[in-house]
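Residues or ranges marked as transmembrane segment by TrEMBL: 51-80, 92-114, 126-147, 197-214, 226-243, 255-279, 285-304, 316-339.
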Amino acid sequence: MLSNLTDPVILFFVLGLLAGTLRSNLEVPPAVTKFLSLYLLMSIGFKGGEALAATGITSTALTVMGLAVLLSVVIPVVGYRVLRRRVAPFDAAAIAATYGSVSAVTFVAATQFVTSRGDEPGGYMTVALVMMETPAVIMAVLLATWVRSQRRAAEPALVAARTTGSGPDAPTTPTSDLPPAGASVGSILRGAFTEGTFLLLVGSLVIGVASGSSGAETMAPLLHDLFKGLLAFFLLDMGLVVARQLREVKGVPPFLIGFAVVMPLLGATLALALGVLAGLSIGDLTLLTVLAASGSYIVVPAVARHAIPEALPSRYLTMSLGITFPFNIVLGIPLYHAIAGVLA
């Protein structure tokens, strides 16, 4: 674990975090940040496709994909059940979906980490990344729709209670005055599937499979040789972003701050247990654990703004980006790898 703290990639993240905390004028132009994020998605997608082309769809690949879908459904359900008694139901739905989804950047960093230690993961792990993104988006929409239906079903009784003077806890505002439900389920899902980063990741994966070893050789100078340096540059910028987001933590209740650390560990524990039972290798087990322990700060928050407008972005975005992301980058990845090394 200590070796991770001397990795240049992690040290550049810490440098960005320090610069942001000190309110330095260091900044990465938005256009450069956009390029770096697209490059990393293209690289990880293509390399996953390249590896998948070499190994084919094996029984291990199918097992990993099945576990990925299972985790992406179970984690948000568990998260929602934990949260619903402590926070507003719409906040609970958005936060649960955020932690049911994945962080592509954390996955990229974890892939580089395990590969550098000789535990090469299978190309199907990139497919697992893609497959874990979508169920969480669907869960976010379904949970919010269910909460709205429950509230609207209760409206006649609440109105009657106010009319008769009973029901001291009845709201003073009818549920029909709730914020609009947002876009339709179909449009939300269509937007998720056509979102640029999702398309680039899936498209790069398909291209990697189609082009095979000859394509891998052609793309190696860009996608292999430059990868670690550009990842370090990107994490420098992420450190700056996280430092800014940390300033919002003071507005997050202590319970949710604890949830942002405990929920990833719970997801990691579940993934480790399932992965060990499935007989996964160290590299595959580490990446599956990282996926289960990460939280989305791009796709799900973007969808939640439209699908769950009643939820507070300052909560679910600050939790995933300001707390869970740096925890996983600095401590989580080496911890999960060490445990996987013992159990696998």
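Glycine residues also receive a Cβ, built from the backbone N, Cα and C atoms like all the rest.
Beyond the ends of the transmembrane segment (255-279), by six or more residues, the same chain brings 63-64, 67, 70-71, 74-75, 78-79, 82-83, 86-87, 95, 99, 249, 285, 288-295, 315, 319-320, 323-324, 327-328, 332, 336, 339-340, 343-344 to within a C-beta distance below 8 angstroms of the stretch. A Cβ distance under 8 Å defines the sequence-distant neighbours of the transmembrane segment (51-80), meaning residues of its chain 6+ beyond its ends; these are 92-93, 95-97, 99-102, 121-129, 131-136, 139-140, 143, 205, 208-213, 259, 263, 266-267, 270-271, 274-275, 278, 280, 284, 288, 291-292. Tertiary neighbourhood of the transmembrane segment (92-114): same-chain residues 4, 7, 9, 37, 40-41, 43-44, 72-73, 75-77, 79-80, 83-84, 86, 120-121, 125, 129, 132-133, 135-137, 139-140, 143-144, 147, 197, 201, 227-228, 231, 234-235, 238, 256, 259, 263-264, 267, 282-283, 286-287, 290-291, 294-301, 304, 308, 311, 315-316, 319-320, 324-325, 328-329, 332-334, 336-337, selected by CB-CB distance under 8 Å and a gap of 6+ residues from either end.
Below 8 angstroms of C-beta separation, residues 64, 67-68, 71, 75, 94, 97-104, 106-107, 110-111, 113-114, 119, 121, 125, 128-129, 132-133, 136-137, 140-141, 188, 191-192, 195, 197-198, 260, 263-265, 267-268, 270-272, 274-276, 311, 313, 316-317, 319-321, 324-325, 328, 332-333, 336-337, 339-340, 343-344 of the same chain, each at least six residues beyond the ends of the transmembrane segment (285-304), sit close to that stretch.
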